Amino acid sequence: MHWRPACLLVLGIFTSLIHGTHIAEEQFEEELVIKSLEDGRVASTFTFTTLLKDASPRDPRTLALEDDEPQHYTLFPLTLGQLLRQYAITELHLTLNAGKWKYDSWGYPVAAGVGTGAELYAWLADGAPSSIDERWQGLRNALAGLFCASLGSLDEQRTTSPHLSFPPEGLLPDWDGLPHEIRHASHASEHVCTENLTPFLKLLPCKSLSGLASLLNPHRMFDADWHGMGLHVLWRPEGVEVRLNFQMVSDPLRSSTKKQDWSFSSLYDRTVVRTCPVAKSSRAVVSLPNNGVYSIVPEPSTIEAGKGRYDLKDKKPDETLDIQMQWGADFEYPLTSPASLVPFSVQRKLHGPTQDRGQLALVLQNHGSETIKVSYLETMPWLVQFYLHTIQIKVDGVRRDDLISNISYVLPVPHSRPATFYSILTLPGRSTVTYTIDVTKAFLMYTEHPPDAQRGWDLPPAVFVLLDPPSGGQHVAAQGFRVYSPSLLVDLATPDFSMPYNVIIFTCSVVAFIFGSIFNLLSRKFVIVRLDG
Amino acid sequence: MDNNWRIRLRRRFRPEGDPNLVRVRRRKAIVSAFSRRVTFLRLILLLVGYIWMVALPYPQLGRGIYIDENALQPGQVNTYWGWGDVHNSDRYLDDLERLRDSNATSEQRAQYLDTEFRKIGLFSSTQTYQFTSQDINGTNTYAILSSPRAPGVEAMIISASWLSRIDDGNGALNLRGVATVLALAKFLKQYSLWAKDLVFVVSDGYLDGMQAWLSAYHGTIQSNLEAERLEMSSGVVWTALNIDYPGHSFSHLGVFYEGLNGRLPNQDLMNSFHVICSRMGVPVVLYDHLDPRSYPDRRKELDWLPEWLPGALRNDPEVRAYAYNARNVWRHVVHQASGRGSGVHGLFHQFRIDAFTMFALPATGPHGFHALGRVVESTLRTSNNLLERLHASFFFYIMTAPNRFMKIGNFLPSAVLISVAMMFTGLKEWSDSGWTQETLRNAEKSTETQAPGWTRRPRPVLRALCIMISSHLLGVATYLLMNSGWDGQNSIGGMLVLTMACIFAFGVSAVCSKSDRGGAAPIASVLKALNLCFASTIISATTVLNFSLAASLAVFLGIPLSVSSTSKNLPLRASKFSLYLFLSLGWVLKHERLNWNWEIMGVWLLPFLWIVYFPLVLQAGIVCLL
C-alpha cells in the first residue's frame, strides 16, 4: 500500500480535475422492468446504474497538463472512465437500437433514446488545447473501438449541434463560464448485435455471470421484435453516474401460442441463479395489468401503484428466480384501433419515385382535444437538401402555414456537413397536420458510393419533443420526452456498378466520338482540291 | 516475295500521289457506290428486319434462363407452410364465399378483411377511392407486418385483386387469391426472419383499386382520383407478388409480367420463381399457354399450327417449338405494345417495384393452396435475401418459353433495321428532290455520249414542315376533342375526326397545288422524305422504351410510308388516300378502352396514337393526294 500517499498527493494537487479516485465511494444498482403491452408483446428494460460518488467531470483546461491521475475503480468501468477523462466529456449518451418503436401501441419507452440505428451525443466544454471537434472525433473512435460499432462513420458529414432538442440530462459544471457545446450524430443503418452486447456486458461489475445481467442472453435479445442498448454518462450533484440500459420488446404470441404468458425462461431462456454480490440494490418490477385474469408466480414482495416489486437480494442462495405470468384467457387482438398511448403520433415519408426530386411528408396527429406544441428537429445529411420556400402545412386539407414557427436552419454543405432544421409546430386539438417540403436528392461523386451492396442511404429519424403538454392531462410525464420518427431510405442516382466495363466503354466511345469530330473540325485546314475528270 | 506483298498492300491502301486528292476521290467513290445501291440496300434491310421479326420465336435465338443476382439464392430454404395453413385458407375461403353469395358491398368486404387482419394481430386499415372521371369507386384493404428488428424502410408486397384477370376483370372473382393472402398473413407473422416489412394488399376491382392504393402510398395522386390518405405506411417497396387464383384447383402457375407503358420487371425475380417452382414440383407456364407438346390429347385446342399444314411439317419438333414460342411472343407483344400491361402487377413498375402475377391456371388438379403457399413463401424468402434493388440489365428481354428468353441484342436490331431502311428511303427521297435531270435543249445537237446534266432545284422545306407541324397539331386537337366529353359517343367523335382529317388533307393539297412554283421540287417528295426520316427516328427511339410498340410501328409504318406516292389518276389518288386514312384511324374502334387506360392508369398509348401515329400516316396520305 505504499502508493497510497503518492496518490493522495496527486489528489491534493488536482482536486478540481478529477472525477474518479480510489477513495470515492461507488454504488451499483440494477433493475428490470417488465410490462405487458396492449398488442400482446412484452417490454423488458434492464437498467444498470453505477454512481461514482462525489466525483465530477474533468475540466477540459487540465487536458493541457499531463494526466497521471490513477484511476482506481472497483465497480465503475475503467475503460469508460479512461475515455471520459481523456476527452473531458461532461455528458455522454450512446444508443444502439434495432427496429421501429411503435409509440402508438407501446407508449413511451423507459429510456427515451429509441431512434433506429446508432445515436451518439455528448456535451463538452471548450477551453482545452484541442478543439471540441477534435475531442468529439476522438470520442467517436474510442467508443467505436469499445463497442465494436461503426461509430467512426459518425463523422462531420453526420455531426450536428441540436442543443434545443437534446438538453443535458444532468448538470453542467461551471468552469469560470466556459461554454458547453453539444455534438450529436446518428447512423440509422447501424445494426446492433452480439458483438455490441459483449463489450456492453464487460462494463458491468458482475458481467453476465450473476444478477439481472445473467438474463441478457444474446440469442433471445437479438430475436426480439425491438431491442436496443444505451450508455448514458451524466453528472448529478451526488457524483458521476453511468447508466447502462437494455430494452427489448418480445412477442410471446409469435410462435402460434394463443396466450400472452411469459416467464424469464420463455423471454430470455435464462433464470436468475445468483445475485450480483456487489449490487446495492437489485430488483425486478412487473407492471401488473389492470384487467384480465392472470397469475404471477412467485408473488411480488411488495405491490404498489400497479407494480409488483421483487428484491433479488432477498432471494435464498439455493433458489432460482423465474418470474412467470400466466393468463386465464387467450389473448385477443383489439379489432378496432385502440386509443393511442401518446398525445401525438408521427408518420414520415419520402415521396417521389424519381432519383433527383422528392418530397418529405410528415403527418402528425394530435390525439387530444387541446392544442399542443412540439419541436421538430431534422438532422438531414446533405444527400437530401430542403427547399424551405416549399414548406406547406395543411390541417385536414386546409392550408395553415401559421402553425410553424421558430424556424432555425443550418445549411448543409455538400460533401461535408448535414443540415439542421429546427422548428416548432402547433398541432390543433384532434387534428391531422400534414407538413410537406420539397427536397432535391444529391448526385454523388463516384468515389462517394459505398463499395458494398447498395440498398440506398438511410436517413436518420426526426426528433419531436412535446413542449407544453395540456394542463392536467395524462401526458404531463410526456413533456420534454423525445419522440423519434422512423428512419427513411433514400434512393439516389446510382450507376450500375455491376457492369463498370460496359459503362466505361460506352462513356469513352461517346467522349472520343464527340471530341474527335470536334477537334478534327477545329484543327483541320480546308483547301480546295481539284479532281481531274 | 514477302516484301513485294507488303508493297502491294501499301499501294492498295496508300496509293501514290497527293494524299488529299486520294482521300477525296476515295470518299466520292464510296458515296457513289453507296447511292447507286441504296434502293437495293434498303430492300435488303427491310427484308432482313421483317424476317428477323418473324424469326424471333425461333428457339435457337434465345437462351436458357439463369439467376444473375447471387444474393437471391432461390429455393435454398425449407418451407414451413403446411396443411394447417391450407385449412386456414379454406376457412377464409368459406367466409369469402359467404360474402360473395350475400352480394356484399365493397365496404362490407373491406370490413371483413380488415377484421380478419386485425385478428391476426396486424396493423390493418382500409382506403376508399373514387375515380371522378369514370365513376369507379371501391375500398381497398391493406395490412402491414412490421418485421422484427427491421427499421421498416424496406418492404415487400403480397397482393390480390378482388377481380381475377381470367376474363380481364370482367366479373370473375379472385376469392382463392384473397384467401391465400389472408392465410399467408397469418402464417408469415410467426417467423422472425423477415428483413423487410411485409405489406398485404387486397385491392378492390381489377386494376383501379391497386392504382389508387399505389398512388396514395407514393403520394402521387392523379387529378381524377379521390383517394383516402393511407393511415399507415411502410418503407420503399422493392418487390411485389400478385396472386391470382380464380379456379378451384390449378395445374400450372402462369407468369404474367408486362407492366404499364411497356415496362418489364427484373427478370431475376421471375427466374427465381421458376427455379423455386421447379424445386417444388409445380409446373410453370407463360401466361395461360399450355405447351401442346405436353398434352397430345388436347392438341386441337392448344396448338397454334393450323390443321391444313402437311403432317411432316406439323409434327416437326422445331416447327412445334417455334409455334409454341410464337404464341408466347405474340401475347407479349400484344400486352407490351398496348401499354396496358397484363394485370395488376403492371401498376407496380412505374414506382420501380419489380412485380409479377402468379396465375393459378384453373384445372381439376393436382395443385391447390398447399403448393401455392409453399411457392409464395419460398419466393418471399428469396426476395427477402435481397441486399440491394434488383438491377443488372435484366430489364430488356422477351420470354419465349417459361425457361427460355431472348436477350436485347437478339431482338432489338429487327426493328432498328426497318427504321434504318426507312431512314435511307427518306434520305434518298430527299436527295432526289434536290436535283432534277435537265433535258438540255441542245442535247440532240451534241454527241450522244454526253450524259444529261443534273441541276439543283430548291426544296420547299418550310411548306413541308408546316404541313407536318399542322398535322401534329391536328392530332393534338383531335386528342383534346375526343377526351373532352366525346368519350361517351365514340361513333360521332370518330366520324367527326374522320371529317376533320379529310378536310385537313384536301385543304392542304388544294393550297399546295395552287401555290406550286415552277422549278422547285414537288412538295410531295419533300414531305415524304421528312415524314420517313421522322418516323424512322421515332421507331429507333421507341425500341428501348417499348420494343413491342416499336416493332408494331415498324410493321404499320415501314412499308406503307415508304411506298406512298402521288399519281396522276384521281380515283387512284383518292383510293390510296382512303387506305391511309383507314390505317391512321382504324384503331379508333378501340378508343373507349384506350381512353380508360389513359385516364385511370396513365397509359400513354392513346396520346401517342393521336399525336404521333395518326399524323404520320396522315402525312403519307397527303403525299398521295398532292
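Yeah, the Cβs are placed from backbone N, Cα and C, and that goes for glycine too.
Caution: TrEMBL annotation is automatic and unverified by curators.
Annotated transmembrane segment per TrEMBL: B:40-58 (among others), in sequence order. Counting residues 6+ beyond its ends, the transmembrane segment (B:40-58) has Cβ neighbours under 8 Å at 34, 322-323, 325-326, 328-329, 398, 400, 406, 411, 413-418, 420-421, 424-425, 428, 551, 554-555, 558-559, 562 in the same chain.
If you look up TrEMBL, you'll see B:408-427 (among others) marked as transmembrane segment.
Counting only same-chain residues 6+ beyond the ends of the transmembrane segment (B:461-480), those with a CB under 8 A from a CB of the stretch are 497, 500-501, 504, 508, 512, 515, 523, 526-527, 529-531, 534, 606-607, 610-612, 614-615, 618-619, 622. TrEMBL lists B:461-480 (among others) with the feature transmembrane segment.
Sequence annotations record features per position, and here TrEMBL assigns transmembrane segment to B:492-512 (among others). Long-range neighbours of the transmembrane segment (B:492-512) within the same chain, counting only residues 6 or more positions beyond its ends whose Cβ lies under 8 Å from a Cβ of the stretch, are 463, 467, 470-471, 474, 477-478, 481-482, 486, 523, 577, 581, 584-585, 588-589, 591, 614, 618, 621-622, 625-626.
Residues or ranges marked as transmembrane segment in TrEMBL: B:545-563 (among others).
Here TrEMBL flags B:570-589 (among others) as transmembrane segment.
Per TrEMBL, the feature transmembrane segment maps to B:601-625 (among others).
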The transmembrane segment (B:408-427) versus listed stretches B:545-563, B:570-589, B:601-625: most Cβ pairs under 8 Å: B:545-563
Short question: which residues 6 or more past the ends of the transmembrane segment (B:570-589) have a Cβ under 8 Å from it? 490, 493-494, 497-498, 501-502, 505, 556, 560, 564, 609, 613-614, 616-618, 620-622, 624-625
